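K.L.:
Please read through the structure below; I'll follow up with questions.
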Amino acid sequence: MTFDRSLKIAPSILSADFADFGREIRAIEAEGADWVHVDVMDGHFVPNLTFGPPAVKAFRKHVTTVMDVHLMIAPVDPYIDAYAEAGADILTAHVEAGPHIHRTLQAIRAAGMKAGVALNPGTPAEAVAHLLDLADLVCVMTVNPGFGGQKFIDLTGKIRRLREMIGDRPIHIQVDGGVDPVTAPLVVEAGADVLVAGSAVFRGGSVEKSTVYGANMRAIREAVLPARQMTA
Ligand code: DX5
Ligand code: ZN
C-alpha cells in the first residue's frame, strides 16, 4: 500500500447481505469502492457481535483492493496475529479498548499490517497525541460504535484538530458513522480522506442491482468535490 491523501470510499460490509458476502464484496469493488471496511464486534466492547478471524479470512479471497479491518473488541492483543493471518491490510484498534494501545499499535505493525487507532465520539483528539508515530490511520467515530445506520454526530472540530496534529505525517484520517452525501463534505473539509459508509452505499441496491452501489458512491464523491477543492 502506498500513501496518498486522495479521497477513498470504504464501504462497510456491515450493511451487505450477510448470506452473500463474496458477491457483495465483488460488487462494491466493481462499482468503485477504494477499500473494503470490515467491522469486527465482540458483544463486550460494543453491544453487537460480528466476524471472527475465519470469517474475515473468507472475505479476503474476494478483496482485490485493501481490506480495512476495524476491531471493536477488547482485549485486542490476543487476536492480532489471527487477523494478520486472515489477511487484514489495515488493523484498527480503539484507544478505549485497554490501557496499552501503544503496545497494541507496535504489535499490529510487527505483524506486518498498517496500524489504525480509533476514537469514540467522547474521546478527545489529544488521546492519540503520543501515538502518531505508531499509527498509519486515525479513525474518528461519528457514531457510537456497534451498529450501522445511526445518525451522524458532528465532530468536525476534532477532525480539524487531528489534521493539525498529524501535519506532514503519512497518516490517513478516516471517518466512520453516518457518512452520506450530506455529511461527507463536512468531514472532508475538516481534513478526512477516507470515508467509511455502510447504509449510504448499500441503500437501495443488491448484488443484482449493483449499479445502485456505484451511483451511491458517486453521489458521495460528487458531494465532496467543492470541499476537496478547498482543502487542496
Ligand atoms: C459502526 C461501524 C461502522 C458502520 C457504519 O459501529 O464501525 O463502520 O457500519 O455504518 P453507517 O455508514 O451506516 O453509519
Ligand atoms: Zn467501522
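Placed from the backbone N, Cα and C atoms, the Cβ positions cover glycine too.
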K.L.:
TrEMBL records His70, Gly146, Phe147, Gly148, Gly149, Asp176, Gly177, Gly178, Gly198, Ser199 as substrate-binding residues. Which of Ser6, Ser12 is assigned to the same site?
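P.N.:
TrEMBL lists His70, Gly146, Phe147, Gly148, Gly149, Asp176, Gly177, Gly178, Gly198, Ser199 binding substrate, and from Ser6, Ser12 it also lists Ser12.
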K.L.:
With respect to ligand 2, which members of the recorded positions His70, Asp176, Gly178 satisfy a Cβ distance under 6 angstroms to one of its atoms?
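P.N.:
Listed by sequence, the hits are His70, Asp176.
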K.L.:
Near His37 (divalent metal cation binding site), meaning Cα within 10 Å, which of Ser12, Gly146, Gly178, Ser199 (binding-site residues)?
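P.N.:
The binding-site residues passing the 10 Å Cα test are Ser12.
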K.L.:
For Ser199 (substrate binding site), what is the secondary structure state per DSSP, taken as helix, strand or coil?
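P.N.:
DSSP assigns Ser199 (substrate binding site) to helix.
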